[in-house]
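So the structure is just underneath, and the comments pick up after that.
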Amino acid sequence: MAGSKDFVNRRIHSLLGVIPIGLFLVQHLVVNHFATKDADAFNAAAHFMENLPFRIFLETFVIYLPILFHAVYGLYITFQAKNNVSRYGYFRNMMFLVQRVTGVITLIFIAWHVWETRVQAALGAEVNFSMMADILSSPFMIAFYLIGVLSAVFHFANGLWSFFVSWGLTVSPRSQKISTYVTMGVFVALAIVSVRTIFAFI
Amino acid sequence: MSTKMVKFIISRQDNPETAPYLEEFEIPHRPNMNVISALMEIRRNPVNAKGEATTPVTWEMGCLEEVCGACSMVINGKPRQSCTALVDQLEQPIRLEPMKTFPVVRDLAIDRSRMFDALKRVKAWIPIDGTYDLGPGPRMPETKRQWAYELSKCMTCGVCLEACPNVNSNSDFIGPAPLSQVRLFNAHPTGEMNKEERLNAIMDDGGLAECGNSQNCVQSCPKGIPLTTSIAALNRDTTFQAFKNFFGSDR
């Protein structure tokens, strides 16, 4: 084996968060951004994604299994920590806490989001612009989607920072600082994309 | 009686099994006193702030110049050495607690055995014993020696473990200090010959991977050791080691 169970699981957890989950997240947000153009553009894009060949295999190996592992192991990591931000209010320690909080929020959001869209599609509903406009017709759901999507985007961007550290790409304090700015740039960029998309359905 | 008094609130515990309780003390101020001299004053006259006779407070100390690591405790919420905690620089009342990440022996005295066990686990030494004289080892460049000296300042005081959110009763993480020692011994030209053994030791359960990058350790280390840089560098080394272990390597 390459290392102990913990070592391999942690590294796989970190890798899966970026490849494929992070890549899927970016792709998903970009495709959804067609909604800012008009309903037809969104429907065409959704239809294209829906009709990709080998869809169930793509979904299983690029989305379902990686997210399932990342979520289960992530919860284990989250509940192992004893957060101490009140005593050690340093920037990275706060990010450590926020990473865990946004991870749990993202998991709750994704579970609901998958139920509302993918599971409903499997049960015969059609995933299109009006489905999303319908979901986002209540102020509560708008707030839920905003919190959920921004949590996911933050968790990805800050997770990218830890991925660079965990795999040994950013070692020096300076490289980690630059990486903080870059990944927070990723957060802001993806936040703009996703918020614009959500408001396009309203 | 017009002497200035210094107030202490000390977390006390009679033995490892009993519940902790707080006791207040007021002792006369002396110029330049540190927390240890205040504790010595309490030991000389073990009477609490209410005027009741009590047992003297137990704590550990050694060098009194912040190089042995024995007198670490939580002072006003932050773990540090009590020898270099000057009373005049602390907000009053001064709160003293043991570093509860470790088993409390009595009052402020803790058992740091887990750190020494971890150093054994990661083989934090350079094996040079043999059945014959192996001769001199390779030379270490002076610039590298100066850099490694910073890592060698670790005094196993336990402050980094106390500050780390991932070192706790739910986890078997060995903490930042022994990890940085692996980097120190792997950087030594003779120690480097056993690099793989140490890397494999920290790739075991409770090792390097348990780090969650809160980076409290580097903020808290009294010796300013670049602990998170060591951890990230070891992350890089173990990435290569993991691939070598899995796929094999022709060196």
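Just so you know, glycine gets a Cβ as well, placed from its N, Cα and C.
Taken straight from TrEMBL:
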| type | residues | note |
| --- | --- | --- |
| TRANSMEM | A:12-34 | transmembrane segment |
| BINDING | A:HIS28, A:HIS70, A:HIS113, A:HIS155 | heme binding site |
| TRANSMEM | A:54-76 | transmembrane segment |
| TRANSMEM | A:97-115 | transmembrane segment |
| TRANSMEM | A:135-157 | transmembrane segment |
| TRANSMEM | A:178-199 | transmembrane segment |
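Shown here: features listed in TrEMBL, placed on the structure.
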{"residue": "A:HIS28", "record": "heme binding site", "DSSP (3 states)": "helix"}
{"residue": "A:HIS70", "record": "heme binding site", "DSSP (3 states)": "helix"}
{"residue": "A:HIS113", "record": "heme binding site", "DSSP (3 states)": "helix"}
{"residue": "A:HIS155", "record": "heme binding site", "DSSP (3 states)": "helix"}
Which entry in the list of binding-site residues, A:HIS28, A:HIS70, A:HIS113, A:HIS155, has its Cβ near the fewest other Cβ atoms, using 10 Å as the limit?
-> A:HIS28
Please find which two of A:HIS28, A:HIS70, A:HIS113, A:HIS155 have the most distant C-alpha atoms, given that the record lists them as binding heme, and give only that distance in angstrom, rounded to a whole number.
-> 18
Distal contacts, the transmembrane segment (A:54-76) - CB-CB under 8 A, six or more residues away = 9-10, 12-13, 16-17, 20-21, 24, 103-104, 107, 110
Residue list, the transmembrane segment (A:97-115) vs rest of chain: Cβ under 8 Å, 6 or more residues beyond ends.
-> 67, 71, 74-75, 77-78, 81, 83, 85, 144-145, 147-149, 151-152, 154-155, 158-159, 162
